[in-house]
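Here's what TrEMBL has on this protein:
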- 8-229: domain 'Orotidine 5'-phosphate decarboxylase' (DOMAIN)
- 14, 36, 63-72, 123, 184, 193, 213-214: substrate binding site (BINDING)
- 63: active site, for OMPdecase activity (ACT_SITE)
- 65: active site, for OMPdecase activity (ACT_SITE)
- 65: active site, proton donor (ACT_SITE)
- 68: active site, for OMPdecase activity (ACT_SITE)
Ligand SMILES: O=C(O)c1cc(=O)[nH]c(=O)n1[C@@H]1O[C@H](COP(=O)(O)O)[C@@H](O)[C@H]1O
């Protein structure tokens, strides 16, 4: 970990231009936030971009949501660890064998291994969307089920919505990390997110890390918006 503090906000850098992303990042301090690189930026700009952010002193969450056979995912998380990322994720629905094999593959990195986190039910999904997948449970029930599987497979935490955070902390204990996207400061547009909460509520419910993209990156003054969010969760 590079940080002196333990910033709770993970900014989703979903930009199609590396220049725009770097110009935004150059206004930030690693003491105020961590950065998330997801499928869009990684597909455009690859590991070199991730390394650039790490060289600037930021902890990077590589959000590629790996979901494949155990051997492939284990090799992919090793590649992420070699890149020097702070956190990496897989889909819990890849199954317990996939998750435990990925965790085992990171053992060789000792205390330099990235946190390994499992995505449960995407925050863009509600009960109706879940049932269209053939899952006839509420999002909260399915999140609880997959989070237990992730914990039993040795993972460090899960991605879930803040709406499930309180129950998961009770179920899985305080050390199991909860990373929550679908964060919307009051008055901001939900967009494609369905299971949402404000930053303050999310922290009160037990979220360890808040993933926030558009409410910061598309605001008129992203730096001020981040400062306000940080202030609200102090
Ligand atoms: O794994 C993630 O980060 C993730 C999981 C999830 O369930 N929902 C979710 O929105 N995300 C990511 O979190 C970010 C949310 O961005 P905004 O909706 O713009 O705040 C996006 O980069 C998503 O890819």
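Note that Cβ sites are derived from N, Cα and C of the backbone, with glycine treated the same way.
Locations of recorded TrEMBL features on the structure.
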residue: 14; record: substrate binding site; contacts (Cβ under 8 Å, 6+ apart): 38, 40, 41, 213, 214, 217
residue: 63; record: active site, for OMPdecase activity; contacts (Cβ under 8 Å, 6+ apart): 12, 36, 37, 38, 39, 89, 211
residue: 64; record: substrate binding site; contacts (Cβ under 8 Å, 6+ apart): 38, 39, 42, 76, 80, 88, 89
residue: 65; record: active site, for OMPdecase activity; contacts (Cβ under 8 Å, 6+ apart): 39, 89, 90, 91, 119
residue: 67; record: substrate binding site; contacts (Cβ under 8 Å, 6+ apart): 73, 90, 91, 93, 94
residue: 68; record: active site, for OMPdecase activity; contacts (Cβ under 8 Å, 6+ apart): 76, 94, 98
residue: 70; record: substrate binding site; contacts (Cβ under 8 Å, 6+ apart): 94, 95, 97, 98, 101, 102
residue: 123; record: substrate binding site; contacts (Cβ under 8 Å, 6+ apart): 160, 161, 180, 181, 182, 193, 194, 195, 196
Give the helix, strand or coil assignment DSSP yields for residue 70 (substrate binding site).
helix
Give the subset of the recorded positions 14, 63, 68, 123, 213 lying near ligand 1, defined as CB under 6 A from any of its atoms.
14, 63, 123, 213
Kindly assign residue 14 (substrate binding site) to one of the three DSSP-derived states: helix, strand or coil.
coil
Please report the number of other Cβ atoms within 10 Å of the Cβ of residue 213 (substrate binding site).
19
